[in-house]
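In case it helps, TrEMBL gives these features for our protein:
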DOMAIN    49-331  domain 'ABC transmembrane type-1'
DOMAIN    367-601  domain 'ABC transporter'
TRANSMEM  49-71  transmembrane segment
TRANSMEM  83-100  transmembrane segment
TRANSMEM  273-294  transmembrane segment
TRANSMEM  300-318  transmembrane segment
Ligand SMILES: Nc1ncnc2c1ncn2[C@@H]1O[C@H](COP(=O)(O)OP(=O)(O)OP(=O)(O)O)[C@@H](O)[C@H]1O
């Protein structure tokens, strides 16, 4: 395409994030039952909370009855206004009821919060434990941001439901049913008259509720996109700054932020419309009560005290309805979040462990790749029939053009993926027949982009063997020549490094990862060599470190540096997923084939 006809991609086309699917089904009982399984372990602790909730609701429902009785029997002119002693007793009774109500409510709120937090804690732990087990294929398909959002935002969205939602829902239902029963028991006609507005309110609010549901879903989608973009922006900050893309990036962020505010305002306006509907219905109900009530008093069908009881109950009647309406939105948000959480929890690791999987015994280090075929995506093979036989203690260098399949071989040896065809054997045992833990704990890996965790240098080395003593850590660092630079840091081994180790140079990070691998002391070691050019002195130091690290182990190196390749026992040259040459440095040079070409190309750049 010529430059003139080339279409410039708009900002929106550049940043494409997969939106979560809109949830069409408003309610899913199976999902609710599944959510309950997280509360089930706390059912014993939940019992006293429910008892307190029932006590609180009953006392609340009793107060208006006492009030009505006081008006009819004590403060009644016809009955001579009763005596002060009875009035004081009634007052004390009411006070006692209020105290019981306060105490039970306090207990309920405190313990529902505690139980709710425990449930959320368990759910988050379960989710995290599970996603740690998921295979690389799962992460290949998803941006890190979207995984992060599920463990944070989606779990948080369930917090309200578990902390007070469930108990409040129960309480409101009991209160509502209690009031309806009492009103009808007191006077059926007046009871039905004041509740006549309920169906009307229900019809009006149903259509509104649907719109509220969609509006909140929209808000969540927009927030998810912001999170995904934020995550990507922070991870790619260096590239953004290097290419001076801050303005463009900011523009896109502002666009998303504005979108989010707009949808939030819309959802919250719809939510607020729910309140006035209830208020108007409540006002109509009250008008009916006093108009029809007065009429009934005049005809001596009811007493003043009964009207007061009615007025009190009606006052308490709309409150749970309003809360239940709001709770409905909350429940829908929770449904959408739980669906996303369960989607992850239901994801099975593609690299699974057979039920019969046994422990891989302490290995010697023989490795066989037996006619391996592998594809990341259907019909795009990355390895097309690769066979390699490695004797324990041998060092193997994997070389080849970019995309030739070097990393894929390593990925299969660690069982990050399983081959489509063929077998990988360690000491003659198919690695699919052993537990993943027993396999990976005996295979060490040093990646090109050495990951440094936030913490001290010491802790970063200790990652290779969590129970290593300080002395072992220093010895490992000395063996790979990292000790010297560590001691030159302000706090030596206690120097704090940030996530990804930004304060350390590339070479230093690599030496640290060597120390980490040496401490782990695996029989098989995999090294993905850094391509970045480092100064000759560091290069020499790394070569020395490598010698220590590799001695006595089977090693696979994705090698770029001539100095590393030259010393390998066997060099495997890959091209488009096939082994095209194999032998030692001298043999391969003599063949004047692909390897020779690669080496010559390297020299040309020097
Ligand atoms: N996660 C993945 N999903 C889909 N395809 C992939 C994935 N990883 C690698 N591939 C493809 O598989 C092929 C082999 O990739 P591999 O990473 O093994 O190459 P490599 O030789 O290690 O390359 P490099 O030297 O650039 O790291 C390439 O065509 C690549 O595009």
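The backbone N, Cα and C atoms fix where each Cβ goes, and this holds for glycine too.
Caution: TrEMBL annotation is automatic and unverified by curators.
Keep in mind that what you see is a predicted model, and the values were worked out from it rather than measured.
Walk me through where these features lie, including what they touch and how far apart they are.
Within the chain carrying the transmembrane segment (273-294), a Cβ under 8 angstroms from the stretch's Cβ atoms is held by residues 189-190, 193-198, 200-201, 204-205, 208-209, 212, 302, 307, 310-311, 314, 317-318, 321-322, 325-326, all 6 or more beyond its ends.
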Taking the domain 'ABC transporter' (367-601) alone, what is its mean pLDDT?
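PLDDT averaged over the stretch: 86.
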For the transmembrane segment (300-318), what are the same-chain contacts with Cβ under 8 Å, counting residues 6+ beyond its ends?
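For the transmembrane segment (300-318), the sequence-distant neighbours (Cβ-Cβ under 8 Å, at least 6 residues beyond its ends) are 60-61, 63-65, 67-73, 175-176, 179, 182-183, 186-187, 189-190, 194, 278-279, 281-282, 285-286, 289-290, 293-294.
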